[in-house]
Amino acid sequence: MHVIDSHTGGEPTRVILSGGPHLGSGPLSERAARLARESRAFYRSVMLEPRGQPAMVGALLVEPVDPDCITGVIFFDAEAVLGMCGHGTIGLTVTLAHMGRIRAGTHKIETPVGIVEVCLSDANTVTITNIESRRVHRARQVDVDGFGPVTGDVAYGGNWFFIVDPSPIPIERTNIRALSDAALAIRTAVIANGIGGEEGQPIDHVIFYEMSPRSAVHSRSFVFCPDGTYDRSPCGTGSSARLACLAAEGLLNAGEEIIQESVIGSTYRLSYQPGPNGGVIPKITGQAHVMAESTLHFHTDDPYRNGICHAPQ
């Protein structure tokens, strides 16, 4: 299996160039569902140790339906197939440039949740124009074991998020374990209370926000992912959901740019324009760097060919 690895603000992306499962034709949403239904062993073996690493997201290249798109892509982590991935789209774009498949300029990429526009400014810098993002619930309160009542918004930016501001725990690198435990407890309570999207879509991400000590930065975030890891980047789909909340509250004007910081200090530049359906069209600028190009082997006599699972699944 031929892969290229990159990181976007510290968050790794593995682009699968060849050797992945054949998913047939049809809409990318159907092919993504087929990947989730029939090929869980594939994406877990690619993402889990010893081949993968915590927080890595995979990007399986597929043929797009729309001929104007440079490629189709299905994102996944070790736990689930994702509708969209912002840091992964930045990493994918830089990877395609590294391969010589695209040059600086604007391109379209097809994802299971819609077509995303990317603008490659230089070898490492990409601006994404994401799908329309929206807030669907404001100030929903849940009782969380160990924390009491916690209030958050439910918003969609390509994935579903429960957004808590301010964070119940200071967002510092030294608090990552405590932040993760808190986010897991909150997500468990959110699911137990039946809180989800408009049609009951499950919340699989939790984001905490707080003010940043850096004067040029709007806020600092901690993003808890479906597989129990945390996002090293500010999270593209999470930032999109955040923009929808800020716009709905009247706290950020259309076209106004802010800087969003992750728990490790990496940043995105964010802005939005009004969307046609009452949401926002986010713009996210970040940087990615290619780290490795390699061939993955899956020998039948390897006891860990399907990855190392540290907890029962």
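Cβ coordinates come from backbone N, Cα and C, glycine included.
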Item checked: Which of His98, His107, His205, His218 belongs with Gly86, His87, Asp231, Gly236, Thr237 in the substrate site listed by Swiss-Prot -> His205
Next item on the list: Name, in the order they occur in the sequence, the residues of the same chain whose CB lies under 8 A from the CB of Gly86 (substrate binding site) and which sit 6 or more residues away.
Entry: Ile128, Asn130, Gly157, Gly158, Ser233, Cys235, Gly236, Thr237, Gly238, Ser239, Ser240, Ile284, Gly286
Checklist line | Three-state composition of the region 'Disordered' (1-23), taking helix and strand from DSSP | finding: 0 helix, 15 strand, 8 coil
Margin query: Beyond the listed site residues Gly86, His87, His205, Asp231, Gly236, Thr237, identify every same-chain residue whose Cβ lies within 8 Å of the center of their Cβ atoms for the substrate site.
Written below: Glu11, Cys85, Gly88, Gly157, Gly158, Asn159, Val223, Ser233, Pro234, Cys235, Gly238, Ser239, Ser240
Item checked: Inter-residue C-alpha distance, Asp231 (substrate binding site) and Cys85 (active site, proton acceptor) (nearest angstrom) -> 11
